[in-house]
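Below is one structure; the comments refer to it alone.
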Amino acid sequence: MSTSSQTIDVDALLDFSACDGSYNSPSLSPSTASKPTFASPVTAAVSTPSLPSTTQTLSGPSHNYDMYRQQTGFVPGALTNTMAVNQTNNTGYQDFGSLDYLSSFSPENDVFDFNASPSQGTMEMEFESPADSQFFPTVNPSSIQHDTSALSQTSSVGRLWPGAHSQAALAKAQAQQRQQQQQQQLIQQTQRQTSPKSRGKAPQPTDPIVEQKITQLLNSMRAKPASNEPESQSVLNNLPKSKKDEEEMDEDERLLASEEGKKLSSKERRQLRNKVSARAFRSRRKEYISQLEAEIANKVNENGDLRSQNRALMDENKRLSDLTRMLLSSPSFSTFLDNLSANPTGLPQGSPVKIEQNPQQEQNQVPKDVNAYNSQFSSQQQIGMAMIPEQTMDFSLLSLGNTYNFQPQVFVVDTPEVPNAIDASVLSGKTSNFVEESFSSDDEKVEVPVIERPLKTKAIETPEAPVDEEFESDPEFALFHSEPATTTTTPKDIDTENLTGIDLFGGIESEKMFARYELVNATEEEATAAFAMARVQRISASIDSVVSRLELLTMDI
């Protein structure tokens with residue numbers, strides 16, 4: 001990874017050369033030549049897309065069309081380009097999800113090998129993970145398009161901030177660099193996996209001819225990595241547009257910008273502006289079409305590159321499968337094939353080594369109550385080391401970790417009755433029955449009153465006889481026609497003297513009705529006297545209740 005030994009200048013991150021001086025003298029800042037340039041921190045040399053140096057600059061219309069901007073929303077394609085750039089650059093988020101730094105650890109490589117000498121134990125780790133794109137310096141779009149030495153001193157003001165197309169080009173270049181780095185790391189990882197291990201294992205009879213063949217194959221695979229086709233450079237036509245000079249204007253634009261054009265009527269100026277804007281729109285549309293065609297060409301090239309990479313990976317996979325098949329067919333792996341055929345599920349992680357087992361250990365029966373510690377420690381066995389028969393230990397007999405295993409138990413034997421120290425009847429204002437004798441009417445207060453209502457008898461409906469229209473309209477059966485039955489109601493005899501058997505009050509007893517309703521025929525004076533007497537009785541009744549409460553409260557005094 002290449003690093004710059006120079007001190008980083010904050011002014012080098014932003015290009016303020018376009019803002020120096022007035023707009024009429026857009027000369028380059030003399031300090032740009034002395035500012036340090038930072039190289040992209042990439043290991044592999046990648047050809048970044050750049051434009052050929054040219055002095056041709058596109059000129060825009062003389063009229064300021066951005067003065068009255070229409071509310072048209074987003075530019076077509078702006079949102080997709082922005083999301084693509086943010087997704088590529090990981091804007092605002094740290095790239096903690098990539099596990100590229102773990103690619104050097106393969107499952108076949110043991111971190112600690114106690115069977116080998118300390119001098120042979122080498123750790124193969126590569127700390128060359130690609131740097132995040134958020135640490136890259138801000139790239140000036142003018143430096144991507146052409147060199148600063150080839151810029152014309154008469155060019156107009158360029159862009160201060162990079163456009164969407166320049167950001168997309170930069171993101172594409174960075175993605176290609178990361179893809180090439182990942183591919184190289186994948187090739188190196190596969191080479192490390194297929195290379196014979198230098199650490200010493202259990203001694204096995206090796207054939208020098210087979211070892212020589214394996215070495216030759218590995219060397220040939222290292223000499224023939226997956227070839228990558230050169231990336232095609234994408235040419236973008238997103239040059240900074242400058243204001244048109246008077247020499248490049250046509251007659252209509254000169255007339256519109258001159259003093260004579262200001263003297264024209266509003267209608268003529270509107271027609272002239274429409275004509276100029278239509279011409280500018282056609283030129284911009286042509287430019288957009290050319291840009292889209294260039295992007296389509298870039299996508300086609302990228303698709304071809306991906307296909308070539310996929311083909312290279314398929315070829316590499318085929319070569320690795322052939323190598324594995326050839327290695328397994330060699331006599332050096334005969335013991336491994338025998339063990340694999342005998343026990344296909346027990347595939348070891350390292351190189352196959354036959355482990356000597358003591359027949360006495362197989363006769364040892366595992367106790368039923370086995371603690372989890374026993375299974376955890378017994379499974380950690382080093383491959384390639386002779387197993388020493390040991391007596392398994394039941395850790396459940398030690399009662400470890402049972403210090404705080406108590407379970408408190410609480411039982412209720414008896415609950416004393418709480419004395420009724422407060423009389424609720426005294427506080428409520430109602431007379432209690434601790435002096436007087438209790439009556440049976442106190443229990444009736446708890447019961448819910450039942451509302452009496454008269455029972456409704458359902459009227460019995462008599463079914464009507466079916467009527468046959470054909471039979472009734474046929475004159476041949478006129479003699480058999482039935483006449484409608486006439487019902488006559490006979491008045492019932494009512495005993496007006498006693499009125500027995502007649503419900504006058506709708507199911508309510510007459511005693512209750514007479515007790516509630518009383519017919520009084522009196523004058524106004526008698527009525528007022530009766531009302532006053534009733535009020536006096538009501539007040540005296542309330543006074544009696546208050547007096548009784550006071551007597552109850554002052555009884556013990």
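Backbone N, Cα and C define each Cβ position, glycine as well.
Between the listed ranges 127-146, 267-286, 307-326, Swiss-Prot ties the annotation region 'Basic motif' to 267-286. Check Swiss-Prot against the ranges 9-16, 289-296, 393-400, 409-416 and you find region 'Leucine-zipper' recorded for 289-296. For the region 'Leucine-zipper' (289-296), the number of residues in each DSSP class (helix H, G, I; strand E, B; coil) is 8 helix, 0 strand, 0 coil.
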